[in-house]
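Report on the structure given below.
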Amino acid sequence: MGGAVTKSDGQVTKLEAKIIEAVQRRASRGTTMKSFNSIVLKFPKIDEGLRNCKAIFQEFDEDSNGSIDHTELKNCFRKLEISFEEDEINDLFEACDINEDMGITFTEFIVLLCLVYLLKDDSSTLQKKWRLGMPKLEPTFETLVDTFVFLDENKDGLVSREEMVRAIDESGERSSGRIAMKRFEEMDWDKNGMVNFKEFLFAFTQWVGIDENEEEDDDNNDNKSA
């Protein structure tokens with residue numbers, strides 16, 4: 001499984017550049033996070049918030065096959081009145097389809113929506129239907145962006161191993177160095193020593209307990225009880 005947004009030759013893609021710029025713009029407003037411990041305390045609420053994506057995912061998974069294909073994603077954007085160009089939708093689909101199976105799973109959909117939130121993080125550009133349709137998700141997505149900004153100490157739009165170690169060291173936990181390295185390895189999928197926002201999001205969904213197989217089990221249980 002690969003999680004990089006970069007091209008195979010190491011060059012930054014257009015989408016990754018936009019994400020880095022968006023993170024840096026958001027960082028200019030500061031962060032409300034005070035420590036890594038304060039982030040951990042928010043895990044249950046973040047988990048609850050992300051699970052609110054399930055109903056939205058099921059609504060746009062029109063054939064109920066457990067993934068959203070390219071056509072369904074375009075329909076999703078159109079119904080939510082998210083004004084992205086065709087090539088932008090294609091880039092998002094490709095970036096979030098980490099299994100490269102031409103379908104966006106539930107976890108991938110969470111990441112995709114959060115990327116959309118970040119890229120459209122402007123009250124003048126966020127469409128009314130987006131705001132009204134997903135009011136429960138906006139605070140959760142904002143918390144995720146805020147967490148990344150907190151970890152990105154030098155505000156370059158990426159989180160380094162050293163930044164992760166410092167953030168967890170400040171929590172005062174025993175074995176904090178080992179914990180920091182483990183967390184960083186979980187995020188740094190392409191092993192280039194730097195974590196971008198997309199890699200962070202995929203790791204974070206696992207940290208708070210969002211699991212693809214668990215979601216499939218929930219669906220199966222729902223079908224059995226129906």
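Glycine too: its Cβ is placed from the backbone N, Cα and C atoms.
According to TrEMBL, the domain 'EF-hand' annotation covers 48-83 (among others).
The domain 'EF-hand' annotation in TrEMBL covers 84-119 (among others). Proximity of distant same-chain residues to the domain 'EF-hand' (84-119), defined by a Cβ-Cβ separation under 8 Å and at least 6 residues beyond the stretch ends, is recorded for 1-3, 5, 13-16, 18-19, 22-23, 26, 50, 53-54, 56-57, 65-70, 73-74, 77, 134, 137-138, 141-142, 144-145, 197-198, 201-202, 205, 210-212, 215.
The domain 'EF-hand' annotation in TrEMBL covers 139-174 (among others). Proximity of distant same-chain residues to the domain 'EF-hand' (139-174), defined by a Cβ-Cβ separation under 8 Å and at least 6 residues beyond the stretch ends, is recorded for 19-21, 23-24, 26-28, 30-33, 35-37, 39, 42, 45-46, 49-50, 52, 113-114, 117-118, 121, 180-181, 183-184, 187-188, 193-197, 200-201, 204.
Helix, strand and coil content of the domain 'EF-hand' (175-210), in residues and according to DSSP, is 23 helix, 2 strand, 11 coil. The annotation domain 'EF-hand' is assigned in TrEMBL to 175-210 (among others).
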Taking DSSP states H, G and I as helix and E and B as strand, how many residues of the domain 'EF-hand' (48-83) are helix, strand and coil? 22 helix, 1 strand, 13 coil
Could you give me three numbers for the domain 'EF-hand' (84-119), the DSSP helix, strand and coil residue counts? 25 helix, 1 strand, 10 coil
On average, what pLDDT score does this prediction assign to the domain 'EF-hand' (175-210)? 87
